[in-house]
Amino acid sequence: MKEVLTVITPTLSCLLACLSFRSKLKLSLDRKLCFELKYAHLRLPAIGIGPQFITFTNVTMESDKYICVRETAPQNSVVIIDMNMPMQPLRRPITADSALMNPNSRILALKAQLPGTTQDHLQIFNIEMKAKMKSYQMPEQIVFWKWITPKMLGMVTQTSVYHWSIEGDSEPIKMFERTANLQSNQIINYKCDPSDKWLVLIGIAPGSPERQQLVKGNMQLFSMDQQRSQALEAHAASFAQFKAWVPGNENPSTLISFATKSFNAGQITSKLHVIELGAQPGKPSFTKKQADLFFPPDFADDFPVAMQISHKYSLIYAITKLGLLFVYDLETATAVYRNRISPDPIFLTAEASTVGGFYAINRRGQVLLATVNEAMIVPFVSGQLNNLELAVNLAKRGNLPGAENLVVQRFQELFAQTKYKEAAELAAESPQGILRTPDTVAKFQSVPVQPGQPPPLLQYFGTLLTRGKLNAFESLELSRLVVNQNKKNLLENWLAEDKLECTEELGDLVKTVDNDLALKIYIKARATPKVVAAFAERREFDKILIYSKQVGYAPDYLFLLQTILRTDPQGAVNFALMMSQMEGGCPVDYNTITDLFLQRNLIREATAFLLDVLKPNLAEHGYLQTKVLEINLVTFPNVADAILANGMFGHYDRPRIGQLCEKAGLYIRALQHYTDLPDIKRVIVNTHAIEPQALVEFFGTLSREWALECMKDLLLVNLRGNLQIIVQTAKEYCEQLGVDACVKLFEQFKSYEGLYFFLGSYLSSSEDPDIHFKYIEAAARTGQIKEVERVTRESNFYDPEKTELSDGSQASGCKASDKCYVQKVNPGNAPLVVGQLLDDECPEDFIKGLILCVRSLLPVEPLVEECEKRNRLRLLTQFLEHLVSEGSQDVHVHNGLGKIIIDSNNNPEHFLTTNPYYDSRVVGKYCEKRDPTLAVVAYRRGQCDDELINVTNKNSLFKLQARYVVERMDGDLWEKVLNPENEYRRQLIDQVVSTALPESKSPEQVSAAVKAFMTADLPHELIELLEKIVLQNSAFSGNFNLQNLLILTAIKADPSRVMDYINRLDNFDGPAVGEVAIEAQLYEEAFAIFKKFNLNVQAVNVLLDYIQSIDRAVEFAFRVEEDTVWSQVAKAQLREGLVSEAIESFIRADDATQFLEVIRAAEDANAYHDLLKYLLMVRQKTKEPKVDSELIFAYAKIDRLNDIEEFILMPNVANLQNVGDRLYDEALYEAARIIFQFIANWAKLASTLVKLKQFQSAVDAARKANSAKTWKEVCFACVDAEEFRLAQICGLNIIIQVDDLEEVSEYYQNRGYFNELISLMESGLGLERAHMGIFTELGVLYARYRPEKLMEHIKLFSTRLNIPKLIRACDEQQHWKELTYLYIQYDEFDNAATTIMNHSPEAWDHMQFKDVAVKVANVELYYKAVHFYLQEHPDLINDLLNVLALRVDHTRVVDIMRKAGHLLLVKPYMIAVQSNNVSAVNEALNQIYVEEEDYERLRESIDLHDNFDQIGLAQKIEKHELLEMRRVAAYIYKKAGRWKQSITLSKKDNLYKDAMETASQSGDREIAEELLIYFIEQGKKECFASCLFVSYDLIRPDVALELAWMNNMVVFAFPYLLQFIREYTGKVDELVKDKIEAQKEIKAKEQEEKNVISQQNMYAQLLPLALPALPMPGMGGPTMGGGFAPPPPMGGMGMPPMAPFGMPPMGSY
């Protein structure tokens, strides 16, 4: 039967789980299956997911892209598994009750219950952006949620269903309320149909009382349009959009499929339903379908948990909890397939839309992918199920192979019945387009059109267009029809709808009617050359580059550019620029492009192109940079100037461009490019054409020496015209050129005007008297008298004696002169004048008047200094008061006034505290020696910390200093004064404690002071300070922070005071201070604090953890009687090992939280009776699996097995599996048996029964477990107990597993049970699942223990053996005959041959060896076989060699036989292979022939086979006693070309015929003539005549006649002479004939030329119309010469012609 399906399952047992689909669907075990089940390369435990987290509540899979796992140990985290990278999971530390990954994107939805409430907090995160998208606090607890679309979350509460969009800021929207049938149900799924109009909610509940094991399923179907719900019974459901092609209904139908399994009236009913939703009344609709779900007897309580619908194949996948897969057709609800795909329960599935299958996750953590085997499903349905219609529909819907013959047959039937429309529909839907061929189109074309009916061909094309897209041939044929009818709009519509497949041929067709449409087709068809040609025709050259880049095409860019240049130069520029920007560089060289522009004199276009492409300013573009500048300097200099001004080029030929700039009149550009001074000096004098500012800037680029040289040349050429430029240059670069050099330059040309203007800009920054003098001199020479007066008045640097002023004589009198000087010349020097006047004891009134006359022009600071130095500050009182009255805020004015007030003691405190303008440091410094308290006032006002500290320290004003420091509240100041290096620190601290802080009312000041003391690490001083503030009645006595600080400081510095403070103070932070006391090991104080503040838990913790007095703690607990206190006492007792007391305390505390520690301690102490009481208390408070599990274990430990049976029958949350495992590990097998039997863990039950020696029951349990591990365990136990019958039952279920077979075999063999093992294996041969391993292992066992059965076994099962393994076993056991047979069967012919030769007594068989020998690959074995046969079977060696003749080296074989001395033995073999003309074979045979004197065979061998040492053989036999042998030697010499040796040997034996033939064949005239002479000498006249005959061509006639005449042998030479004359006469006749024919040809050619000329001139002459006919060829005439007739034939001198050589053959002498 044809193989139909392929299954790749996690274990081989899954592959055997094929269950019958009624009788007609039963599959044999060795048949492949029509569905593929494969791992998605993922096992969750393999990537670190613990088994305890592989549950329905922890694992979610919303699509085939992501799996999300929520872990709670060792820490809370969420693991995200990308199915594209499954081995690289993303683990994030997140605490949540549930986590869902979005089906399409990396968006994570999280749900967590708010502590102490029934509300859930929802959050949505974008993982890639690492941002929170939305969050919401749900007022109800969510019991189930799911992504129903990529943008929408569906959430189910106890009463309602909500939808929450992830877009915007919307809140969840209530959709509907749950129906009554879903109350108290566990919700397992929620789905939405593709149109968002139908919703379905699915839940499960405990079964009916009659059959509780069968879980009940309920479903709520809700319509969004009708806002109504319908309650149904169903375990699983799914939506689908299905195009049923119902006549009159072209829209797809919305279908729902649901599966249900119910128990009614003692019967179990399992159904699958397919129903259309929203069908419109009066319109055709999808017919409701239903089918039975067939559950095998072992799966009676199994039920569907998930349903997926493959939209690719329109198949329904129904998956049950125990791993059964049902596959049904969606359209007909026909059963297609059923199998068990997982041995472990499946709890989660997700659609795998891309492959048309689904993912499933089982409790073992395996992620399975189930898909359709496309190659086999259609043949399976058509063959195995015999459902042809379903097979065809599947093939059409899924485009699957396997139905080709059926479809073609049906098409032909429809066509024969003239049902063309149905045939067209069938062809359109044909799987894999098998009918979409030219033959089908031709078939429809051949049908004649019926009147009133549309053409069948158009029906066919119309059907194709409604169903999808046409292929290339169909598109072309339909378009040809449309083009012929000139209906171009149809083509446009079809192309817009993507109904046609675009090809180059279609574009060519459409181009005849529409170029634009053809271009679109070319682009879609990727007909690149046609697209480029079309763009070129449309002159859309820019699109050519874009398109060529997109498709990777390289057109002829140079041709395109030339084409554009002819019509659109600017377009050519744009095109060239686009080419330059192409990836990979410009396809055409920039220089070539430029030359194309320049050839057409397109200077501007070439410039535009080059400017753009040369922007990067690369060194390799230097030539092009020079070129673009050259062409523009010659044609458009202004463009070149702009380019140079832009500075975009840096690699051109600068000297060349400089010359061109000079020629073009761009002198400044030329200067910028020249590098030689003569060139610069030549150009720079053209100042009339150079911008002055540009020239000045150019001077800045020259060196000092070159700049001065050029300046000098400019002054020489045109002093007046260039003076302004030189002056400007000198001003700009005076520092670089040097002032002196510039002055000398102007003085050299006596240009005082230039000197005046130059020095005028430099004078203000110079203090050089010489410069000032030269400026005054230049001003005077140029008539600038007012400037002379200004400078002499304002300048302080010129030499008055040297300068002769011209503004009149000096004023008389000291006073007048000083006053005039101060007022008019230099008021800035008034303070010096005043100082000098005071020194000269000038009257104060004059000085005051002088000061007042200047007033605001007078600098105050130097004036005050001058007066203060002379102790004459009072002199300035009036002046300063006058300035203050005018509103002056000058600090120097107020400083001076303050000093005067302090000296006069005129209420200085008021001035110092109220004046805001004086400098505190200056005035304070002035007061220090006069009145330190005033200095403190001044410094306090200006916050001059350092100065105030110094003056108070120096004058012991510590009280003032303490007040200032406290008021200042500056940390740095506090740090400075509290520095240990401050010798006055103690005095300051005393004043702070006693005066400053008690006086302060500011909390900030107190806080700053306390902080400073703490920072300075002065705990004792701080305590002293705080006691002053806190314990005495101050404003801060009850301050919370200060009380805390006082106690904390005491804890740190003086613990003895702490208890007193605790008792006296009430307003401090008890918990925090208590913790600090604990850290300071003041445990009694901490206990007192906690007790004072009623912190009983902390107090008891101090007693337990630090004082370590459990007795005091128990006493304290009895006194306070708080649960939390008792709980702490219990924990401490537990830590101390007082288990019973701890349990008693926990019971008093009613504390069930520490059950894990209590359980651990009780187990360590073996106190299970006490533990039992505690667990019973805990179980009343919480439902924890651990508690119930430990309770069972405690019952087992105290041997209360009946209580265990009662407990497990009651509702509990114990992890029975773990409990059973633990009981098993603790050897409590009876209790473990009860547990495993209850939970139906047959594998562990079997192990337990083995421990209890109940082997028969263990086998029964193993049969139910059906696990290889369990079978092995029971089997091995039975073997050890010598229960071989039971062991064989187990073994048969093990050995069918390839991986476990060897383990079983070794176990038997290690214990010496060989016969039992062989019996087991022999029984296994008859199994339906018997595999190669069983046959192989039995063969190995036969080889070891039953060799007599080995060969028979090998021959019977050679095709089912693992031959390499059995080969090793036979080799080890030295079974050579069997080993040889195995090698031959395994095509190891080399090893087979070696084995035969090495162990020939047992293994050799001649016929077998011949068959093996021709197949070996190692050629050395051929020669080893020759040696072998030579030694052991020489009589058969020729037979072997004949077989190997085509493979062996014959030379080597001959050498082997020659060395062995048995060459004659292989003579038949050598004769057979001599046709190969091998030298060794030829020589060996020739040697044998010589030895046997078989000259005929020798001569034959020499003639046929020439590959041997001919000369050696000839030399060997030339002296042979046998004449024929010597003749053979002569023959060999002749063949070898040794003519003389051959002739000599023939002459010795009088073999004259041989000699003459040899001479004739030699072609040597000398040899032939020597033989003639020999015959004359020997008197052999007949031989002489014969030799002339034989060597006719070699012998010269004169020599022959001469020898004959001289030796009277003319008669014998006469035949030769006659022949010679006849030959030469014939040659002369031929020459004459040739000459005559040549002359005839020449004359005929001349006549032909004359005839042509005459014909050309015929119509040019006035001749009669009738002309005589031309003479016929061959006929003479009066105007034509006659031909020469050939002479009559002549015989050769009257003799008839002779045959060659002219003589009859002669016999031998």
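Just so you know, glycine gets a Cβ as well, placed from its N, Cα and C.
Here TrEMBL flags 374-397 as domain 'Clathrin heavy chain linker core motif'. For the domain 'Clathrin heavy chain linker core motif' (374-397), the number of residues in each DSSP class (helix H, G, I; strand E, B; coil) is 18 helix, 0 strand, 6 coil.
For the repeat 'CHCR' (581-727), the model gives a mean pLDDT of 87. The repeat 'CHCR' annotation in TrEMBL covers 581-727 (among others).
Look at TrEMBL and you will find 730-802 (among others) tagged as repeat 'CHCR'.
Annotated repeat 'CHCR' per TrEMBL: 851-990 (among others), in sequence order.
Positions annotated as repeat 'CHCR' by TrEMBL: 997-1142 (among others).
Annotation source TrEMBL lists repeat 'CHCR' at 1146-1287 (among others).
According to TrEMBL, the feature repeat 'CHCR' maps to 1292-1438 (among others).
According to TrEMBL, the feature repeat 'CHCR' maps to 1441-1584 (among others). Across the range of the repeat 'CHCR' (1441-1584), the DSSP-based residue counts are 113 helix, 0 strand, 31 coil.
Residues or ranges marked as coiled coil by TrEMBL: 1621-1655.
The helix, strand and coil residue counts that DSSP assigns across the repeat 'CHCR' (1146-1287) are 110 helix, 0 strand, 32 coil. With helix defined as DSSP H, G or I and strand as E or B, the repeat 'CHCR' (851-990) counts 105 helix, 0 strand, 35 coil. Residues of the repeat 'CHCR' (581-727) grouped by DSSP class, helix first, strand second and coil last, total 107 helix, 0 strand, 40 coil.
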